[in-house]
Amino acid sequence: MAAAVLSGPTTGSPAGAPGGPGGLSAAGSGPRLRLLLLESVSGLLQPRTGSHVAPVHPPIQWAPYLPGLMCLLRLHGTAGGAQNLSALGALVNLSNAHLSSIKTRFEGLCLLSLLVGESPTELFQQHCVSWLRSIQQVLQSQDSPPTMELAVAILRDLLRYASQLPTLFRDISTNHLPGLLTSLLGLRPQCEQSALEGMKACVTYFPRACGFLKGKLASFFLSRLDSLNPQLQQLACECYSRLPSLGAGFSQGLKHTENWEQELHSLLTSLHSLLGSLFEETETAPVQSEGPGVEMLLSPSEDDNTHVLLQLWQRFSGLARCLGLMLSSEFGAPVSVPVQEILDLICRILGISSKNINLLGDGPLRLLLLPSLHLEALDLLSALILACGGRLLRFGALISRLLPQVLNTWSTGRDALAPGQERPYSTIRTKVYAILELWVQVCGASAGMLQGGASGEALLTHLLSDISPPADALKLCSTRGSSDGGLQSGKPSAPKKLKLDMGEALAPPSQRKGDRNADSDVCAAALRGLSRTILMCGPLVKEETHRRLHDLVLPLVMSVQQGEVLGSSPYNSSCCRLELYRLLLALLLAPSPRCPPPLSCALKAFSLGQWEDSLEVSSFCSEALVTCSALTHPRVPPLQSSGPACPTPAPVPPPEAPSSFRAPAFHTPGPMPSIGALPSPGPVPSAGPIPTVGSMSSAGSVPSTGPVPSRPGPPATANHLGLAVPGLVSVPPRLLPGSENHRAGSGEDPVLAPSGTPPPSIPPDETFGGRVPRPAFVHYDKEEASDVEISLESDSDDSVVIVPEGLPSLPPPPSGTPPPVAPIGPPTASPPVPAKEDSEELPATPGPLPPPPPPPPPVSGPVTLPPPQLVPEGTPGGGGPTAMEEDLTVININSSDEEEEEEEEEEEEDEDVEEEDFEEEEEDEEEYFEEEEEEEEFEEEFEEEEGELEEEEEEEEEELEEVEDVEFGSAGEVEEGGPPPPTLPPALPPTDSPKVQPEAEPEPGLLLEVEEPGAEDGPGPEIAPTLAPEVLPSQEEVEREGESPTAGPPQELVEEESSAPPTLLEEGTEGGGDKVPPPPETPAQEEMETETEASAPQGKEQDDTAAMLADFIDCPPDDEKPPPATEPDS
């Protein structure tokens, strides 16, 4: 009749039309449909007057279909809602009527099952007690097993819902549960399984109310522990494991926790006793239970020896399951687990092997039972791992030894079978691999699996054996005539061919009976355990293990895809193929640090795996490809390399802009990436012609800033003099002619600039002499790892500074940092730095550093270049023109945040210090003194100083050439041919600058700082004669600083500094003492001049090379140490 109700309306009205007979409106279709369905079922059981559906069959004929009808009604969600209360009430009446009759009891229970699950709360509370009474009557009636089973299922639902309602919970606990348990205990043996189901529901939902019957329940459960029915035995174990929670807080004078622990110890004692009975005289040193537990009183067994062993085995199995369930089941209170005692039992069981069993008498029977006992022990170990988790790590070594021990015990006879047959002991090995996966899943890399040792090697051997597909036993044999099985010796003209001997018992694969999925379970378990271990412990696994896995997995995947191993191998199963791909992905995601992952081969394999017949396998391969693609080709660039290092160029006031430019965001973006080896990017726009001195490719090595002596002369860009600048030495920008400075910058600027855009050119009027000088870049052949680690936010004096072309001469030789996004002026190359601190500022400054000879005082225009904080490294000299371009033009890769913060504060101090330094230099040389005054005036005297700067540049070039020829001849070859930059800032000091290295000079404060270190170190005899005495001390101080940080000789120190810019920073800090960035207002040219004047007399005495090195080293510390250096120098 339900079909008739759901059928369409009669002709004359469209289906579903509101007015059609039988039609359901859209608004009320759901409730009305449910009502019609309920009435339809009621009509099937008993005709009802006024029903929309007329009865067609007697109710009894529908009895066999009622369970299915109840399921269909649940699918429609018939119950619930006020609209259905009337229909549900009718069903309640029908159910009660049918339950009262023996003939219709089953139909009444079917209706009651629907009512209990679908009735609303009010209806359930109203009828729950009456339904419980009806169920109890059914249990006492000793009806047929199907009826009893349905009644117990309804009882379980009733107790589950009633336990959620406090009123019903109290009522049932006090008045009804004792009678229900008594009825369940009295069921006949045929209904024992139903009785155990009902008892399990009672002890689960009403544990306190069951406490008064705890003794009877325990006896009932124990008597069923050795049942031969697996389902009955499992139910008895589950019920017994819940006994400790029965009763109130105190059960028979014991707390729940104490009761649980006592029960656990009793189980352990009983298991030890049973094990001793099973394998008496087979254990060499049996472990006895030392716990406080008392052995359980089990029913006596029969006298027959064979039967006794089987009954003992059943009891042992049941008690072991009870122990595992107690460990894995939830308990209402925290308890203490005797881990050591449980592990002792497990080790005792697993320690019994076939070698210990005497095959006489009952030995074969004991040997037959042994695998089952080992499985019980492994289940117990699994439950213990789940219960205790990572707290078992102290026993990790024991667990790591147990697994390969069990595999060794059950590995005999596995290779003698032909393909297509299940190997023996596969179930035990599957369980071992499942425990391996669980142990690694719980403890991660701390599990220590496959990380060396004899146990790890043994485990790996078993894993590879179970993963490898079996091979048909084909042997090469000689012709029949050969007696020794070797090749027949005969005429050389008639060689004999080897033939395949398949053996007598081995037929061709097409003629053999076999299981195509044989050993698929153990193979899949081994693959899962191995893939989990590699994924969690891959980097800790030995390199040799990774290579062995690569050699096995990659060819196996290819063979599976080509169908070469699918004949009778476990890889016929899609589950094994899926786990094989999962293992391949784990090898990619967690490779060994010394063994590269097989990425290209894996990508090919995953691509082909997408065409697998199994949807599960193909879907996993697609997901693996997505994962690999995200790793190899990220759609979003990594954070460190994303975005330009410098913000868009913006005009900034010359003196104060540097601090703002140094915003952390600027440092974070691009400078770090640029520090790494810099491939020569597109040429950076430069004002002057770019001489082809050194290969731009050398710029890649630029990032590494280490002492030159340690490295072979880098073939990097030529200095301003046209000499190739060795990787260790950089020429001060003031000394470098603008055109040559641009030489390297044009090629490297894009690379150095995070944005990769060439720096915009600055109007000629903003540059010195109306033309844009080009900075010379120092390129290093070798890139140090520490160089890559240099960050924009580092506090080191070693920094790469990119100055816009528009800036006045960029005195800061220390930083030849790549220009940020698009520096305007041609980049200036940092002056050659002494071996010690050379690395700090070597970062090529492709950025538009103002004329590499930044010594000219003109701070005019955006002299400050504040953003990159070139100021601390000589921004005043180089940052004259581009206050607006600070963000893009000046990048201080190694600059420190402290210097940036202190720049503004020290700007005034640096100016004063520069003035003092200039006065001292005036005493040494009148030209330098005039240059100092010009630097103070910067913009006003800028043009006048250009002529002097050009002359000085020529002298400096000559000195630099000599210096490079002496020490850096190899490096000097690169850019000697470079034409001297046409435009030099007027205030550039003469040839001494290479040694003085304007890095400290860029800002007067830096010069002071350099002078302070110099004073500490003492005057350096190596400084060029043109350099002021202050510069010499600073250079020596720099050298001392390089030496002090590194215990090794100065060359070693230089190498260390070049490799690790942070060490350079420290040196700079020591030498400079002040990381305060010199104010952009102070002309970098002034600083450079002062340094050159101070170092000039001493520099003449020193070797030109040594002077250049010392000067370059002094520059970074000078940035940090403002005026104090000058006094010591003097």
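Quick reminder: no glycine exception, Cβ is built from N, Cα and C everywhere.
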Per Swiss-Prot, the range holding motif 'LXXLL motif 10', considering 380-384, 385-389, 580-584, 1105-1109: 580-584
The annotated motif 'LXXLL motif 9' range in Swiss-Prot, which must be one of 310-314, 460-464, 1005-1009: 460-464
Segment assigned the feature motif 'LXXLL motif 3' in Swiss-Prot (from 111-115, 431-435, 601-605): 111-115
Remote residues contacting the motif 'LXXLL motif 9' (460-464) - C-beta distance under 8 A, at least 6 residues beyond either end: 404, 407-408, 411, 429, 433, 450, 526, 529-530, 545, 548, 552
Contact set, same chain, for the motif 'LXXLL motif 11' (585-589): CB under 8 Å, 6 or more residues outside the stretch: 531-532, 534-535, 538, 546, 549-550, 553, 597-599, 602, 606, 624, 627-628
Residue counts (helix, strand, coil, in that order) that DSSP gives for the motif 'LXXLL motif 3' (111-115): 5 helix, 0 strand, 0 coil
Predicted model, mean pLDDT over the region 'Required for modulation of ESR1 transcriptional activity' (2-80): 53
Residue counts (helix, strand, coil, in that order) that DSSP gives for the motif 'LXXLL motif 5' (177-181): 5 helix, 0 strand, 0 coil
Intrachain neighbours beyond the motif 'LXXLL motif 8' (365-369), with Cβ under 8 angstroms and 6 or more residues off its ends: 278-279, 282, 306, 309-310, 313, 354, 357, 359
